[in-house]
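What TrEMBL records for this protein:
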type	residues	note
BINDING	B:84, B:89, B:125, B:129	[2Fe-2S] cluster binding site
């Protein structure tokens, strides 16, 4: 890297690529060429920077200037001004929404200040398609250290001492899991990386694989060394084409460098990695289901025991860990368990990556120490609720999690506290909701997902969730009764207690937690037939306030069913019998004249 | 087994795909991925040939195809429209966008318009939550879509 004087890093994460970051890269390269600066300035497409809200992001090194919302047509100006003249392009810098100060270094932004990046350490710093850059940031040093200086047992002890727990949702101690797999003797063992990120609204695993694929390969090799496995398999969603491409490149480069394959670093240890593609089934996040899917079968779970550590892939001892869990391993080996276990809370060590999304100002990928409070995450890092609305709930743990409210805002986030509060860590999705979100509809939304994703093997999950969904549907249509609420609660408990795998055991959580925290809202649906948030179509009506309407005709022109009548410069009226309640009029009205009743 | 009516070149192609995975039954999902990549979808006949080549039952192949949402037994439209229904998009109004696409094109989710131009499907999180709600048409990603934008988006493809 030292050859170049300056480096321009462009975010190549999915969000930024969708907003033309590739065109920015091309334009920058063209501008550099036009000025004859090819030997001095290098343009690198990196993994996700995390600050998706402000993407596409372009960062210039060595002066650490962080440009936001860059467009392809800005490329020439960036080269001309910043690179050649050394002047920052002020209009592309981040402006702090509170004090309106311009900030050029990401370190000082509210979004980044509280973050500690361990799993995401290389995302946004290195070119993920160049193994040399990974190596330059201590890459494969941990593998070297394990092979040269440590026995498999001392590696396991180190991971145990670090207190690392599985980041895929379960929170099982990783070191212990490795030990189980190591203790089972067999002629063949497997290390499996679960990259079947199915939780809607969570994209940390994909970002790690896109931004730092080698960290996962290195950790898998270390795991293989501890348990005596020479084969690794990454089970990845087919819907992640960019992550797949980058992993393929990484595997090839690692093999060329002798970091995968036979006799790694001259130690006599063999380990290689191959890939298997998922085909869209949420239940495959469950490890026994995932293993069946790897074998070419329907991804249905089986009863544990036997655990995969005894009999997994092809009936052999198998250790399954999630992407983020693996990404932590090299750092723990390099810096030591005692460094790692000082970060975090008493029972949950280290950091956790969250995908912060929904009605929040700073949507993005964040990594914070365990024990950070929800308030810090939502208000300091997330920048508060969008459009100055009122915070209502935050949903953690995806379809298996629950909704937390105002009263939980000061709860330190860790595995145990979230469970105690009626939710769970899950893979780290964190969706913020405001006053316009109806909690009954939210529960229905998650149940719709579960019903679709239930594999159908066990009755409580297959039939029970369907019934839950029907009840919720009935309530949102205004036909629910108080008895239905009791039924919802009872049925949820039965499903939780009797389902075969993690999917069914957690699927009623969104129902239970909303019943617990937003009972009033359920009551107003069933007793008063009102949806305060204005989301349940059957219970609402759009009306135009004749006092506020100026007759601009914008609403009637945008109405897809032509149900708004009125002359120009006169108040308009909505014909409720024809209205399909799409909300297009309210969205377009510039005078706040349209409301929901 | 039904009589196979697929063109010979297609049958040959399938046989070749199966062979590239050593006709191994445990490679079924990989074979299906490749077959769908080649044909766009997995009709019954394709499944029958795969079953024959891998020496597994057609029921087994059908079971796997219908289990995973990525596999489709009906052809997609020339412009496949996918609306992200991940939670982040949902709370930012994806449902209204979906309703609008369904209304404008008069097809339900999972089906294709009569002229074969558009098909609508839902997907779960493309990982571009900063742009929610997100709609993808083919390779193109549309961010921050509102119900009001739908007509204009469809128009782009109707020329």
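Each Cβ is built from the backbone N, Cα and C atoms, and glycine gets one as well.
Heads up, TrEMBL stuff is auto-annotated, nobody curated it.
Known features from TrEMBL, placed on the structure.
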residue: B:84; record: [2Fe-2S] cluster binding site; DSSP (3 states): strand
residue: B:89; record: [2Fe-2S] cluster binding site; DSSP (3 states): helix
residue: B:125; record: [2Fe-2S] cluster binding site; DSSP (3 states): coil
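Least packed by the Cβ count within 10 Å, out of the binding-site residues B:84, B:89, B:125, B:129, is B:125.
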